[in-house]
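Asks: So TrEMBL lists the following for this protein:
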- A:61-80: transmembrane segment (TRANSMEM)
- A:176-197: transmembrane segment (TRANSMEM)
- A:248-268: transmembrane segment (TRANSMEM)
- A:280-299: transmembrane segment (TRANSMEM)
- A:376-394: transmembrane segment (TRANSMEM)
- A:415-434: transmembrane segment (TRANSMEM)
- A:481-506: transmembrane segment (TRANSMEM)
- A:527-549: transmembrane segment (TRANSMEM)
């Protein structure tokens, strides 16, 4: 069997697995968010928080809950990293410096998981398992809560109430993420991922003697890192490390974990707005982009452009033998089109066009299918824009799901889509004139790789502001400049869009529904899915083309 | 004013309490439950898939190792051609400013990749050098040298090589160990793993497992 055919078959197997999980998981999540009952453990948690989970919140209250919870998360992570040298179970690692601790705390609370540290060299059990892995759950749950609040904004009328943040947060964690993560972690261990608390210990070697190696709660972190589209690796090599991702089956399984919740949330959305076909249209737009990008990526990697890859005979630099090129390509698109950022192969050594596809995937705003929660709310904002554009073309007041899209809604949606490009382009531009920032590049002009060096910096801010977390990892990002600015980009790129989404949700929920007429744009039809894809590609293309032309396009065409 | 300060304080306390209780669930109970199940049901894999030979641990079958005989004057390791060689690591990027540098030589505590771009001239040079070395050492034309033999992996700890790379090493390894080539070739065949379920990943040979079997064969002959 040729490697290309094997790659295509793996893609087909992945699609089949996702299709099987789509309805049951989507329906289950819809039931979780609409159930009036609390589990006993949830009641206990609400008592600990001191919150009444049955009070409805308007959007400012919902937002305040998110901000308070996230602020607590940032402070807690910052403090335990700064104190690591004094904590037990820290494997002898020192405390983390202030700028790196800020960067890591911001990065994990925002579901980004950008890492300017090297896992096996810096973080002990307390920080990894008791701090970082916890945010893998709760940052994902926060994203899901915001998504559900927006969906309620469409589904409800003549009320400003969007649900209860504490209830949505706790249910997402307890009823969805934890049970799935337990199952996934056990599958990973069964296939070879490690799960122990043996810390740093010697392991015998072929010629005798021994070498030091790290033990840890790796499988449990790996499972939620993929499932919650987080991406922060236990080890520096992330999912390329054999202890995180031991074989080709686990590789495909991890891709499945990355994609399963974001895709299934379109079903949840359809259920909650009372018309599953609306969810299918959103799903169709997501699948079109995801499949298109995956096919392009496989083509580019199998063609292995670039002088070094041509000399080698295949694009194997930075890729593992057990995965091969096909499934590494599938992984890299899945991780950049969601907010995951885990890597099973190193993006910096992909072909120039492959690197461009990874960049563009993040630049789309990570909505196909996107992060858990953040993918669907980002996609719904794009749907609002698409409806608006369609309305302009025929001269009708735009409406979506029975809600009028007026000036206020469009302003909020426009703010949403402007934030991340502004952060990415501004920070990249400033870094390009700072000598210190430029000094962090690995690939340089002297090595005939000037555009690649630029791409390293563009990638860093694209990844940070879009809450992805993957990297062109040659860039030495552990400097105060990058730690602080990328940390800020993750925070602003996460919470400002949430403000606009929740304000939008509140404003939609207050409206009274307008009846469908013959002139209403049918948003559950293929035509609308096509319009949505076109809108996304054109808006992103116009925004980022100059930056892409200086980086991957210049590199690929030279 | 006072009221709003009090409300903010109450909200922040609620956030902190929520974080702490969820830390107990997700950061303590969850990893302990998974560890308990893993250690009870899959102790071998949960503890790193250690491979033993004649009662001694010789490494993890999931992690690559080096097979060298000392170092040359520049401090570069000299490959010991009695044994099958893994994917190259000499060409791994130094990641200049990282301390310690990212994975110079299959060091288990510094995983990572070269991160050099596809058109980087340094990478081009290391690929060409590696290709030349493999071709001369194993006496094959450069066109027969597979890509995994001249590129470094993502983790820098790749335990596998392609069956093609193992195959071109057979004659030299057999000669160094005074073994008949067909016996060594059979060994490679026995240790070649196809794609999982016939279509997942790429065919591969686990270098450590192969070398352990080779050592047994050498000892039996000697």
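Just so you know, glycine gets a Cβ as well, placed from its N, Cα and C.
Unlike curated records, TrEMBL annotations are generated automatically.
Remember, it's a predicted structure, so these values are computed and weren't measured experimentally.
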Asks: Excluding the flanking five residues on each side, which residues at least 6 beyond the ends of the transmembrane segment (A:248-268) place their CB within less than 8 Å of a CB in that stretch?
Replies: 10, 13-14, 17-18, 21-23, 25-27, 29-30, 33, 144, 147-148, 151, 176, 180, 184, 187-188, 191-193, 222-223, 226-227, 229, 239, 276, 279-280, 282-283, 286-287, 290, 322-324, 327, 330-331, 334-335, 338, 340, 342, 344, 369-373, 375-376
Asks: Between the transmembrane segment (A:280-299) and the stretches A:61-80, A:376-394, A:415-434, A:481-506, A:527-549, work out which stretch tops the count of Cβ pairs under 8 Å.
Replies: A:527-549
Asks: Does the transmembrane segment (A:415-434) come near the transmembrane segment (A:61-80), with 3+ Cβ pairs under 8 Å (pairs 6 or more apart)?
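Replies: Result for the transmembrane segment (A:415-434) with the transmembrane segment (A:61-80) is no.
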Asks: Same chain, outside the transmembrane segment (A:481-506) by at least 6, Cβ under 8 Å from its Cβ: which residues?
Replies: 58-60, 62-63, 66-67, 70, 99-100, 102-103, 105-107, 110-112, 114, 116, 146, 149-150, 152-154, 160, 162, 377-378, 381, 384, 409, 412-413, 415-416, 419-420, 423-424, 427, 430-431, 434, 436-437, 440, 460-461, 464-467, 475
